[in-house]
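Colleague: If you look up Swiss-Prot, you'll see His64, His93 marked as heme b binding site. The domain 'Globin' feature in Swiss-Prot is assigned to 3-147. The N-acetylserine annotation in Swiss-Prot covers Ser2 and is backed by experimental evidence. As annotated by Swiss-Prot, N6-succinyllysine applies to Lys18, Lys60. Per Swiss-Prot, phosphoserine is recorded for Ser45, Ser51, and the stated evidence type is similarity to another entry. The asymmetric dimethylarginine feature in Swiss-Prot is assigned to Arg105.
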Amino acid sequence: MSFLSAEEKGLVNGLWSKVNVDEVGGEALGRLLVVYPWTQRFFQSFGDLSSADAIMSNAKVKAHGKKVLNSFSDGLKNIDDLKGAFAKLSELHCDKLHVDPENFRLLGNVLVCVLAHHFGHEFNPQVQAAFQKVVAGVASALAHRYH
């Protein structure tokens, strides 16, 4: 049984089909690093993260944000099995990278804010509610290995 109704899946897939993954991915990861600066410790090899402007214009941040959102897109294709879809990434982030799983929730919330900014009135309360469920589900799936 899915955690999203058929209507919610339609809302998520409808909006996601319009998302520019390159742009939104870089912006979401950049905003995470600006708003939650302690997350920068996982990206020390990315070069200059000394200011909001440096972070938001950093090519490595943008490239990794794109990679993150491409994985998110793949997860949306397997929305009814997020734990399976993100099992390998959960293992990587837990066992090798030692990322605090709370960061997955933070990134999900930042992504929702970025989507709201990009889509304005189209990102109505129903769409937001559906995306909040999705990012919570993805965060839970990514944290699964930690349990």
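Just so it is clear, glycine is given a Cβ too, placed from its N, Cα and C backbone atoms.
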Colleague: Ranking the recorded positions Lys18, Lys60, His64, Arg105 by other Cβ atoms within 10 Å, which is at the bottom?
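Modeller: Lys18, out of the recorded positions Lys18, Lys60, His64, Arg105, has the fewest neighbouring Cβ atoms within 10 Å.
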Colleague: Over the domain 'Globin' (3-147), work out the mean pLDDT and round it to an integer.
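Modeller: Summing pLDDT over the domain 'Globin' (3-147) and dividing by its length gives 90.
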Colleague: Where's the emptiest Cβ shell within 10 Å among the modified residues Ser45, Ser51?
Modeller: Ser45
Colleague: If I take the Cα of Lys60 (N6-succinyllysine) as reference, which of the modified residues Lys18, Ser45, Ser51, Arg105 has the closest Cα?
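Modeller: Result for Lys60 (N6-succinyllysine): the nearest of the modified residues is Ser45.
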Colleague: About how far apart, in whole Å, are the alpha carbons (Cα) of Arg105 (asymmetric dimethylarginine) and Ser51 (phosphoserine)?
Modeller: 23
Colleague: List the Cα distance (Å, whole number) between His64 (heme b binding site) and Ser45 (phosphoserine).
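Modeller: Their Cα atoms are separated by 12 Å.
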Colleague: Give the three-state DSSP assignment (helix, strand or coil) for Ser45 (phosphoserine).
Modeller: helix
Colleague: Lys18 (N6-succinyllysine) to Ser51 (phosphoserine): how many Å between their Cα atoms?
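Modeller: Lys18 (N6-succinyllysine) and Ser51 (phosphoserine) have their Cα atoms 30 Å apart.
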Colleague: DSSP three-state call for Lys18 (N6-succinyllysine): helix, strand or coil?
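Modeller: Lys18 (N6-succinyllysine) sits in coil per DSSP, no helix or strand.
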Colleague: For a three-state summary based on DSSP, what are the helix, strand and coil counts in the domain 'Globin' (3-147)?
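Modeller: DSSP classes over the domain 'Globin' (3-147) add up to 119 helix, 0 strand, 26 coil.
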